[in-house]
Amino acid sequence: MKVVSAVMRFFVKAVSVCHANKAYFSSRVIPECGATKKDDVMKLRSFLSGTKRLLVLSGAGVSTESGIPDYRSAKIGRYSRPKPLIVDHQEFMHSAGLRRRYWARNFLEWTWFCKATPNRSHEIIADWEQKNKLSWLITQNVDGLHSMAGSQKVTELHGCRRRVRCMKCKELFSRDAVQTMMEEQNFSWNARFLKVSAETEVNLTEDEEFNFNAPSCPKCGGFMKPDVVFFGDSVPEEIMLFLKSKVHEADSMLVLGSSLMVNTGFYFVQLLKSSDKPLAIVNINETKADHFADVKISAVCGEILTAIGCDW
């Protein structure tokens, strides 16, 4: 009884800490979800305790507690907002107008995005790696927060917004350095000090977008692109081959905070289940792979992971 009581006290404390973090990190970008159930904690702990080579696949729901909105949640996801900017790779590569539009918005968004820090989910996954409980981490997120939390066995499936690449000479720059370039090149831009937040889309007039100077490479003058996979582009083949080998090496998979609507993430789930390996999913809403899951839990990732910690 004393052991059960101690576990329950830790569970209540963990959930309380995460609720406090949600308030701190703008809960307006976290989808509505009931409190984490102790039965779900026990289910996930039981699943994890049976693993030896765990593969984790993380999505946008892992970073909402850091103040970064997801994409598909009703009312608060980025795709649910009026006129979301969805960038097509080929159009970006061939349209100077789209590049101006993208970078103007991205320039303003960076003021809040750059302040995002890892939350408990990122930290706990990094702890799992340190304690040899994790085989590999695949993240669909482009925020770089897993690496900031200390994860090293990680592949950023869709790249990272904290890097920018010249499309001519292929030189790589930090996003912070590019922000400084854009500040210097747009010193008199009339929308420079427009206040933006994670809860709303940047709303610019056509003139404001047209008058923005998109960054160019200081070495060769080529145009620049964030080091991410846009719509219509594909993940490099060598990365896909590497990750397929990681799925084959794993004995189980835990999906955290992903609807699995993006085909690449869903593909890895299908590959895992083709070998009849166990799958657990933690996501507030339904996912494309719920019918594959051996364990499916609707919960805020940070809450349930904090309740479990490394105790499995």
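Note that Cβ sites are derived from N, Cα and C of the backbone, with glycine treated the same way.
These features come from TrEMBL:
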ACT_SITE  HIS158  active site, proton acceptor
BINDING   CYS166, CYS169, CYS217, CYS220  Zn(2+) binding site
DOMAIN    34-312  domain 'Deacetylase sirtuin-type'
Query: Across all protein chains in the structure, which of the binding-site residues CYS169, CYS217, CYS220 has the highest Cβ count within 10 Å?
result: CYS217
Query: At the Cα level, what's the spacing in Å between the residue listed as 'active site, proton acceptor' and CYS166 (Zn(2+) binding site), rounded?
result: 17
Message: Through the lens of DSSP with three states only, how would you label CYS217 (Zn(2+) binding site)?
response: coil
Count of other CB atoms lying within 10 Å of the CB belonging to CYS166 (Zn(2+) binding site): 20
Message: Give me the sequence-ordered set of same-chain residues, not including CYS166, CYS169, CYS217, CYS220, with a C-beta within 8 angstroms of the centroid of the Zn(2+) site's C-beta atoms.
response: MET167, LYS168, LYS170, GLU171, PRO218, LYS219, GLY221, GLY222, MET224
- request: May I ask you to report the DSSP-based helix, strand or coil state of CYS166 (Zn(2+) binding site)?
  value: strand
Task: Going by DSSP, give the three-state secondary structure for the residue listed as 'active site, proton acceptor'.
output: coil
- request: Please report the number of other Cβ atoms within 10 Å of the Cβ of the residue listed as 'active site, proton acceptor'.
  value: 19
